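Straight from Swiss-Prot, the features:
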ACT_SITE  63  active site
ACT_SITE  105  active site
BINDING   43, 45, 47, 64  Ca(2+) binding site
DISULFID  42-131  disulfide bond
DISULFID  44-60  disulfide bond
DISULFID  59-111  disulfide bond
DISULFID  65-138  disulfide bond
DISULFID  66-104  disulfide bond
DISULFID  73-97  disulfide bond
DISULFID  91-102  disulfide bond
SIGNAL    1-16  signal peptide
C-alpha cells in the first residue's frame with residue numbers, strides 16, 4: 001500500500017499537493033522524495049504505524065499528525081500557493097484549510113532538512129512489517 005504513494009506522486013503531476021510537498025523536501029534536503037522518502041521508516045510515505053525509527057521518520061510521524069488536524073479539504077490533493085524566498089518556504093494562502101496544509105508540509109520539509117545528516121539508508125524501503133511497536137499519540 002505504501003508503494004501507492006509513489007504512483008500517486010507520478011499521477012498527480014504538477015498540480016497536486018504531494019508534488020508541492022516533494023518540491024519543498026527537495027529544496028530543504030537536496031534529496032529526491034521518491035528515492036529517499038517515499039518508503040522510509042514507519043511513517044514516511046503512504047500511511048504509517050508503530051514507532052518512528054529515527055528523527056527523519058519522526059518528522060513524517062508529526063506530518064501525519066498535522067494532516068490529521070486538517071478539515072474542509074483533502075491534504076494529499078489540495079493545491080496551495082507557496083514560494084521560496086531567501087531559502088525559506090513561505091505559505092501564501094488566505095484559505096485556512098489550504099494554509100494549514102501548506103504549513104504542515106513546510107514544517108515537515110524543514111524538519112527533514114534539519115535531520116538530513118542523520119538520514120539512515122537502513123530505513124529506505126523499510127518493511128511496514130517491522131513497525132510493530134505501539135505508536136505514540138499525536
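Note that Cβ sites are derived from N, Cα and C of the backbone, with glycine treated the same way.
Comparing the binding-site residues 45, 47 by how many other C-beta atoms lie within 10 angstroms of each C-beta, the top residue is 45.
Of the candidate recorded positions, 43, 44, 47, 105, the one lying closest to residue 97 (disulfide bond) when CA atoms are compared is 105.
Checking the recorded positions (91, 102, 105, 131) against residue 43 (Ca(2+) binding site) with a 10 Å Cα-Cα cut-off leaves 131. There are 22 other CB atoms within 10 A of the CB of residue 60 (disulfide bond), with all protein chains counted. Comparing residue 91 (disulfide bond) with residue 105 (active site), their Cα atoms are 10 Å apart once rounded.
A sphere of 10 angstroms centred on the C-beta of residue 42 (disulfide bond) encloses 27 other C-beta atoms. Listed disulfide-bonded residues: 44, 65, 91, 97, 111; maximum Cβ neighbour count within 10 Å falls on 44.
When the CA atoms are compared, the disulfide-bonded residues lying within 10 A of residue 42 (disulfide bond) are 60, out of the candidates 60, 73, 102, 111. Closest to residue 131 (disulfide bond) by Cα-Cα distance, out of the recorded positions 47, 73, 104, is 47.
Within the set of disulfide-bonded residues (66, 73, 104, 131, 138), the lowest number of other Cβ atoms found within 10 Å of a Cβ is recorded at 138. Within 10 Å of the Cβ of residue 102 (disulfide bond) there are 26 other Cβ atoms, across all protein chains. Spacing of residue 73 (disulfide bond) relative to residue 105 (active site) is 14 Å (Cα to Cα, whole number).
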